[in-house]
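Feature list (source: Swiss-Prot):
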- 187: active site, acyl-thioester intermediate (ACT_SITE)
- 79, 80, 81, 82, 83, 84, 85, 86, 156, 157, 158, 169, 170, 171: substrate binding site (BINDING)
- 40-225: domain 'BPL/LPL catalytic' (DOMAIN)
- 153: site 'Lowers pKa of active site Cys' (SITE)
């Protein structure tokens, strides 16, 4: 069925996939939507998904950092970055935007600015749950300080931009099985841990996180999420 493209420049489709989405289907859907956005045939979209247990390798991933995947599937993703884990209890948001034009805080044709926008989006979302997300020099993603010292990663960012249309996106740990991250060296960083909202004592549902993501997206990208 044909979907009309919104003529409102500050509106972005906001879609949520039911159940668990297999990775090859997600990748094919992202690539198709990115091509349609580039051709002016479809609207920009943020797509919220939850995956079955799997590991994805970015373009900088080293084979040695895949330690013991167990029964989880393994994929080469084509996005930037290194290894990460996706699975139940983690909210993945795939972000397909036309970066040839500005989006709120993100200038036109500025990939670094786009990544900074994704960082700000996650930090603002976490603040709504009383969690202080922080950036670290030389380390992509969002970090939180541990009560007993040190720090852990709570959200990952990995994107690809092709002819100024983005795809892939962010992964926020709500209540996943953190033990699964032991199957890899997450993002090539072995000296720091991984955490989640649940591990921090925040009892948030995926629906509550989705609502917070929508509010924060509008603030950062100046684009009203339009449910589809």
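Positions of Cβ are set from backbone N, Cα and C atoms, glycine also.
Put plainly, the binding-site residues 81, 158 were compared by Cβ crowding within 10 Å, and the winner is 158.
Secondary structure from DSSP puts residue 81 (substrate binding site) in coil. In the predicted structure, the domain 'BPL/LPL catalytic' (40-225) carries a mean pLDDT of 96. Taking a C-beta cut-off of under 8 Å and a sequence gap of six or more, residue 85 (substrate binding site) has these contacts in its own chain: 53, 54, 55, 72, 176, 180, 181, 183, 184, 186. Taking all protein chains in view, 27 other C-beta atoms sit within 10 angstroms of the C-beta of residue 156 (substrate binding site). The CA atom of residue 83 (substrate binding site) is located 13 Å away from the CA atom of residue 153 (site 'Lowers pKa of active site Cys'). Note: the CA-CA distance between residue 79 (substrate binding site) and residue 153 (site 'Lowers pKa of active site Cys') rounds to 19 Å. Once the Cα atoms of 79, 80, 81, 82, 83, 84, 85, 86, 156, 157, 158, 169, 170, 171, the listed binders of substrate, are compared pairwise, the greatest separation found is 16 Å. Sequence-distant contacts of residue 170 (substrate binding site), defined by Cβ-Cβ distance under 8 angstroms and a gap of at least six in the same chain, are 92, 93, 95, 118, 121, 122, 155, 156, 157. When Cβ atoms from all protein chains are considered, those within 10 Å of residue 83 (substrate binding site) total 27, not counting its own.
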